[in-house]
Amino acid sequence: MRRILTFFLGSIIIGLSIIISPSSSFAYPFWAQQNYENPREATGKLVCANCHLAKMTTQVEVPQSVGADSVFKAAVKIPYKPGTEEIGADGSKVPLQVGAVVMLPDGFKLAPQDRWTEDIKEETKGVYFTQYSEEKDNIILVGPLPGDQNKEIVFPILSPDPAKDKNIHFGKYSINVGGNRGRGQVYPTGEKSNNSIFTSTAAGLISTIEPNKDGGTNITIQTESGEAIIEEIPVGPSLVVKEGQTIDIGIPLTSDPNVGGFGQLDTEIVLQSPARVIGLIAFFAGVALTQILLVLKKKQVEKVQAAEGI
């Protein structure tokens, strides 16, 4: 019942966002949540890349190792040129928005707010975190957020405690991260958004270029067989062809309006055992003590040799 209610409320929110703010609604991770049980495919690709075709760099910073039941930060960096604007769903210029996903190992999850430090509270101000599904609290989503203020998104993470969960073990784990800026080029239905380049589906002569009822443009191509092919271009992309021009199949009809992109990467973190840390400290202390004793022994031998005139 709870799952149905969540889906219903999510549908209402998304529906309203599409009506009220179509330029930003396409960035919501709702699409991935409803279409994919797991956001990471067998190939390792995050499903975000199925709609966000352009590639851009994403970076992440995590500690090399953490202790059990401790809070740490995963900082996802989504760089792009300041002031960059993209084409919204209505064809107008809008600021870029950003989003991120962090796929943690089983047992790791978003830290409860009562364990956030003051620094974390300050760094996450205005950021809303959601888990991918009720069953996957180790997958955390953020976005869309205004890009100019959120080029770095801090995720407060709680590490598991093997003493409380026998399925968790100390050792090295992989973390998968994805970061996006801007709208996608393809909708989950397979249709192109207006944030994409449009190409011709037929060869022939462009006979007419006319505005259509949706604010976009209809390009009519007369083929050699006499057939009239109408290419519907949505509002937003700029045309790069003109009437009377002869074109081939696959020729760009518009410029590429996209200025954003998606990037993903993997990193590693070690869930450190306290016993191992103590063992390492003891080992290094033993090595240091051995070195000191060797130096002292060497000096003692040198003194004896000097006294004996050797």
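Note: Cβ is positioned from N, Cα and C throughout, glycine not excepted.
Listed features, source Swiss-Prot:
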SIGNAL    1-27  signal peptide
BINDING   Y28, C48, C51, H52  heme binding site
TRANSMEM  277-297  transmembrane segment
Largest tally of Cβ atoms lying within 10 Å of a Cβ, found at which of the binding-site residues C48, C51: C48
Chain-internal residues near H52 (heme binding site), provided their CB is under 8 angstroms and they sit 6+ positions away: N180, G182, G184, Q185, G260, G261, F262
